[in-house]
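As structure tokens, the structure follows; a few thoughts come after it.
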Amino acid sequence: MGKTSKDKRDIYYRQAKDEGWRARSAFKLLHVDEAYGILNGVQRAVDLCAAPGSWSQVLSRKLYDTCETDDEKSAVKIIAVDLQAMAPIRGILQLQGDITKQSTAEAIIGHFGGNEKAQLVVCDGAPDVTGVHEMDEYMQHQLLVAALSIATCVLETGGTFVAKIFKGNATSLLSSQMQIFFKKFDIYKPPSSRPSSIEAFVVCSDFCLPEGYIPQVINPARDDIRLLAQKTGSEVNRRLVPFIACGDLNGLSDPEEGKTSSSDESKSNLEYVYDAVMDDASYPLEFKEILKQVYDEQRHII
């Protein structure tokens, strides 16, 4: 946890230190549980982008430590997934892996054993913040899509998915994407989330795959998603995967709608960010190269 003066004045920072949480973000999951009861009756859970482990600590204390017998403890299976290693947590199985790879989803299911899948998937991951709101929102959206795609592989029917989002212009689109797979969808900002922060959390329950949909692990910034969808041989995938990964609305409205004679007015948020960053000498070359890769990928897909 940080040690700035601002942090030290934060009640949740001090409380996290007193109660032994690795980060104040533990209270965000606790508040989500208080509001929605997401941990009730859960025995199998997955924590994506788990490091440093505060959400895994919550799962451990709420699901594992409350068990009274060894048999009850053996039935609880909690898997924490991250590229980085973490200090051990009681009752937590750590898996170092990339959530954008199919092998990670298979490893998670393998650890549950048999035909069992997760009842709950949580993700508090976020990209490095650039300070450019549109860029931060876009990158967080892509991370959320990656988390959603692996959740469709490891969640059992009726399961729950909770993940961080950055609220912005794409929030309504995000709602449409999530409701493809979940009957109940809500956006919640817990009291422990700083008022100045644009973060909130999607709380999705009653997971149900669309008929004919084949779960896939998607990396929106890397994969050719149209080709990926075609390989499944599923007509549903060919319609849904581009929409899920990129917000592709082709064919959903009048093709004449929204046309404008001004090329400047037709620019997307990403194009505005791209032009502004490329013209600004203060941004490091490495950041510009990453942005160019993302921009080229989206132009290729569209």
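The backbone N, Cα and C atoms fix where each Cβ goes, and this holds for glycine too.
The Cβ of Lys164 (active site, proton acceptor) lies under 8 Å from the Cβ of Cys123, Asp124, Gly125, Ala126, Gln140, Leu144, Glu199, Ala200, Phe201, each on the same chain and at least six residues away in sequence. The DSSP secondary structure for Lys164 (active site, proton acceptor) is strand. Residues annotated as active site, proton acceptor in Swiss-Prot: Lys164.
DSSP assigns Asp98 (S-adenosyl-L-methionine binding site) to coil, not to a helix or a strand. Neighbour density for Asp98 (S-adenosyl-L-methionine binding site): within 10 A of its CB lie 15 other CB atoms from the protein chains shown. Taken from Swiss-Prot, the feature S-adenosyl-L-methionine binding site covers Gly53, Trp55, Asp82, Asp98, Asp124.
Counting every protein chain shown, the number of other Cβ atoms lying within 10 Å of the Cβ of Trp55 (S-adenosyl-L-methionine binding site) is 29. In sequence order, Leu48, Cys49, Ala50, Ala51, Gln94, Gln96 constitute the residues six or more apart from Asp82 (S-adenosyl-L-methionine binding site) in its chain with CB-CB distances below 8 Å. Sequence-distant neighbours of Gly53 (S-adenosyl-L-methionine binding site) (same chain, 6+ residues apart, CB-CB distance under 8 A): Arg22, Ala80, Met86, Ala87, Ile89, Ile92.
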